[in-house]
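What follows is one structure encoded as structure tokens, with my remarks underneath.
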Amino acid sequence: MNRRLRYLVFGLGAAGLAVLFALALAGLPGFGGDSHPYRDRAVHAALAHRTANVVSSINFDQRALDTFGEELILLGSVVGAAALLRPSRRESERPAPDPEARAVPDSVVLLCTVMLPVTVLVGLDVIAHGHLTPGGGFQGGVVLATGLHLLFLGGRYPALQRIRPLAGYQFAESIGVATFATPGLAGLAAGGAFLANVLPYGQFASLASAGTVPVLSLAVGVAVGGGVVVLLAQFLEQALRYSGER
Amino acid sequence: MQVFAYAVGGWLVLVGAAGIVRSHHLVHTVVSLSVAQAGTYVFLLAVGFQWNAVAPVFSTSADTHRAVVDPVVQALTLTDIVVSATVTALLLALAVQIQKRHGTVDPDELRALKG
């Protein structure tokens, strides 16, 4: 199909979609109105389980099964990317670059060194308080994993490799996914439903509240942190250690 | 004016799709897909918005009667972002693999399947 024909087909499709979308918008409730039936029910259910962050309550309590599926999607994607990016036999390993060759400004190195512990701390905080303040396992896990890569931005890939024993992070990811399933099975045994919130709810807005929500959030944080580190490691290895076909 | 937020979402989806159609580079294609997916985030959040409502996170049990924006669509958006990130990672890995096998990242130059 040549480009002109492709643009024509796309133009027709896009115009049709735009018209249908405009018609659909005309039938929507007004923007910013106060009729949100799902909101009312979700907030009610979250407060019944003494969860201060309603979004976390939906993710890790009311619709925890969906989050479990999402975890498995993440796991599948990491496995898939690792399989796609493994070096082929035709590739040769590039000699390790001279550490002096890649000059990084001292200011960048300083900033990365200062920000590394701060970012890791913020990531842990976001995971630990996911049921109380905005955040949760997904967000905190990504902050943690990207925080570790500040070492790479600071120009010290060998240092990153030292604090990143890949097998450990692969283990962390699998253990995170498995830990997510464990309270789920406990819920099946005690509450009669997979991922039922069976732990005591505790006091509203305190660290030990919301039952299984912080446990699942922690499990997701470990899994996402491990998964993102493993994922980024595949791309970095591919870019830094292997040259193209020779 | 009220439909502006919805329209931005729809426009982003269409612009992202246009980017995919016009793409000459597979990384550009993947980024265009991310733009199209960003349209769904804007649309979902716009659906849940309410004037003068606060974020669906309570700090004390005293303020639980306040109006909040819809947390259900926010949770959906979070799911959306996670899935989008994983899809992006997989597609970029595929782009790397295509560059290795075919020596090109222009979708128009990829003609035949090759083992």
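Cβ from N, Cα, C; glycine included.
It should be emphasised that the depicted structure is a prediction, and the values quoted were computed from it without experimental measurement.
Here TrEMBL flags A:111-229 as domain 'Na+/H+ antiporter MnhB subunit-related protein'. The annotation transmembrane segment is assigned in TrEMBL to A:72-88, A:108-130, A:136-154, A:175-195, A:215-236.
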Same-chain residue ranges lying at least 6 outside the transmembrane segment (A:175-195) that approach it to Cβ under 8 Å: 64-65, 67-68, 71-72, 75, 212, 215-216, 218-227
Long-range Cβ neighbours of the transmembrane segment (A:72-88) (under 8 Å; 6 or more residues past either end): 173-174, 177, 223-224, 227, 230-231, 234-235, 237-238, 241-242
Chain residues in Cβ proximity to the transmembrane segment (A:136-154) (below 8 Å; excluding those fewer than six residues from its ends, i.e. six or more beyond): 53, 55-56, 59-60, 104, 108-109, 111-113, 115-116, 119-120, 122-128, 130, 160, 163-164, 216-229, 232, 236
Counts of helix, strand and coil residues, the domain 'Na+/H+ antiporter MnhB subunit-related protein' (A:111-229), according to DSSP: 82 helix, 2 strand, 35 coil
Average model confidence [pLDDT] within the domain 'Na+/H+ antiporter MnhB subunit-related protein' (A:111-229): 83
